[in-house]
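Participant: From TrEMBL, for reference:
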| type | residues | note |
| --- | --- | --- |
| ACT_SITE | 167 | active site, nucleophile |
| BINDING | 195, 196, 197, 198, 218, 219, 220, 221 | substrate binding site |
């Protein structure tokens with residue numbers, strides 16, 4: 001069953017005109033992460049590279065393609081977590097960085113902190129030699145269009161977000177049985193300047209523990225934080241639930257308790273996974289965007 005990598009590209013309804021290219025992007029990220037695992041790379045290497053690829057893809061709400069805040073600017077959040085040591089790193093409200101997930105990993109590996117924010121994160125990036133990029137390079141015409149639309153008095157940004165909602169993320173188990181997760185997002189459409197969602201918060205925007213499994217969620221960040229969704233799913237798994245059962249229980253609770261919508265990718269130490277856009281395991285690529293879809297093809301086609 002090992003190694004395995006499972007990837008998502010956001011939650012909510014994805015418009016048909018964007019669905020095909022979004023699915024291609026998630027499949028590419030999954031194949032890339034799986035190739036790293038097959039070569040003996042770590043789960044952390046796999047999830048960071050998979051998420052970085054989606055940050056580079058303008059089809060996703062992360063990195064290039066991030067939604068804009070109320071001022072028309074890009075502020076991004078990302079996190080990683082290592083299930084072997086429970087070490088974690090995160091950045092929030094960061095600007096001018098092409099791959100926030102890579103910066104989050106540097107926070108984990110090069111500092112004693114778990115999260116750096118805004119200008120502090122930018123100063124750290126410069127000290128690590130991470131190149132800054134012009135904000136314009138992160139802004140797409142699609143993001144501008146949706147920003148302008150949601151400036152109107154009767155706009156509902158949360159409802160509009162359902163077209164391109166929340167985060168991108170990945171979970172993986174490597175050949176040595178080590179588990180990791182990574183999550184990255186541009187946040188909510190037309191959010192207040194400085195708003196930080198669930199993504200950089202341990203137990204909310206992700207969690208990984210070699211003894212239980214790993215989770216990367218996507219959806220309405222405020223709702224996810226209220227129920228600490230990632231850790232809640234792993235709590236149910238600690239009680240003997242499968243990844244699918246635990247996910248269903250936690251997502252149902254979030255909907256009933258705080259009227260929150262979302263999705264997750266989950267994996268346990270044995271490689272059993274649940275709820276994904278794409279997953280690679282035992283030489284096969286599983287994928288599907290809409291509920292009930294499950295296609296399978298050889299993963300070697302692109303490795």
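Heads up, the Cβ atoms here are built off N, Cα and C, so glycines get one too.
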Participant: Out of 195, 196, 218, 221, give those binding-site residues positioned within 10 angstroms of the residue listed as 'active site, nucleophile', comparing C-alpha atoms, in sequence order.
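Facilitator: Among 195, 196, 218, 221, the ones whose Cα sits within 10 Å of that of the residue listed as 'active site, nucleophile' are 218, 221.
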Participant: Looking only at Cβ atoms, how many others are within 10 Å of the one on residue 219 (substrate binding site)?
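Facilitator: By my count, 25.
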Participant: Validating a neighbour-count step here. Other CB atoms within 10 A of the CB of residue 221 (substrate binding site): how many?
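Facilitator: There are 30 of them.
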Participant: Counting across all protein chains shown, how many other Cβ atoms sit within 10 Å of the Cβ of residue 197 (substrate binding site)?
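Facilitator: Step by step: centre on the Cβ of residue 197 (substrate binding site), count other Cβ atoms within 10 Å, giving 25.
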Participant: What are the sequence-distant neighbours of residue 198 (substrate binding site), meaning same chain, six or more residues apart, C-beta distance under 8 angstroms?
Facilitator: 204, 205, 217, 221, 222, 224, 225, 229
